[in-house]
Amino acid sequence: MSTLARLYNAFIAMGCGCFSVYYMVAYRDAGLTILMIALVNVVFDVSTTLAELPTSVLFDRWSREKTLMVGAAFRLSRFLMLLVWPASFPVVCAANLATGVGAAVESGATSALYIECSRERDPSLTTRTLMSQLYLITGASTIAGGLAGALLFLVAPNLIWLGAFICYTAALPPLVLLLAGRHDGRKDHAEETTPDGPAESSLEGRRGILASVSKLFRRPEVWHLVLFNLGTLSVLLFWQLLLGVRQSGVWWLFAGLLLTNAAQIIASRIGVLRPRATDEAIAVVVIVASAAGLAFLPSRPAQIAAFFLFSCAQMFVIAIASAQLHDAISDAVRSTAFSVVSLVLMAFTAVLTPVCGWIGDAVSVPWASLTTVPLLVMAPVLGFFTRRRHARTAAAGQRMARTRQ
């Protein structure tokens, strides 16, 4: 079973690699304006966020493998639509609406399936070991898919969707075999979800959730993470168009894929080796400078170097902000907190992304890529207040402990 789950994850990652760093240029080559591309991205983001909770319920309460098959079907429909009608804006929007549902299914579900199947084979394996194995599998598969996507892009840009379609189709047989080899969990889930209290307890639970959400909105850690993600939004939206000009820039885009994977590893190591209070401010300065370099440096090698610095610093700050939020909340509201972050991000992204697209059409793509960067100035400020709050909490805890002694 673990081998089948490994194959499934590998093919899914390979399919994503086929298009993940080329799709913006493919949309542009098909004739879509920058504003249209921005709106398409909004459709995907909104669809993914709104579908995340329903698909998670299906995954946990209905059948995990069947839910993944539904998600794969949505993904495959997108690839077919974009392969046949790449220049139709309504079709591209519909395709991204469908793939948003597929992405919501895959979010966390594919890794959960791999962990469960691997533990059935060897219960002694830790989650850290299994996630390390999975990162290696998906990382190598994404790079292989990216190479295949680059070669297909050189033939014709819309062929990247054919490559993704083939990879996702290849992921179905392992999933079908998993479905045949594992027991459907509907009966067990039904037993687990039997009501254990009166309707009043359910009402109190809902009130408790609403109270928790309202408290989360007052936490600086939440807005710290939201502001930083919004600050890097425009760069992440347009970096493909800055590096890849039609088919001539495809290998720079592939280099961007390689460097993004490398940046994730380097950023995690920097976080372990240099856990200092000033690191975030330094990283934000690096992000702003490298974003400007990516936008305006005249040579592609200099731009790709700037993008690498941007990726390292961006992932480093994301890790800091996420860790601060994890430290500030209890296990009871942990999932809710990150759902709140996702919903707030979706709301702001739906407004800011079309603005970035309009600037890209009206002014230029380089200037559009810097649209949201000024928001990054607020991130270290909120980070400072977050650290002060944590320090006060720790000091109060120490004083209380001394008083009790």
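Cβ coordinates come from backbone N, Cα and C, glycine included.
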Stretch carrying transmembrane segment according to TrEMBL (options 46-67, 222-243): 222-243
69-88, 249-268 - the range that TrEMBL marks as transmembrane segment: 249-268
Candidate ranges 160-180, 222-243, 304-325 - greatest C-beta contact count to the transmembrane segment (337-360) (under 8 angstroms): 222-243
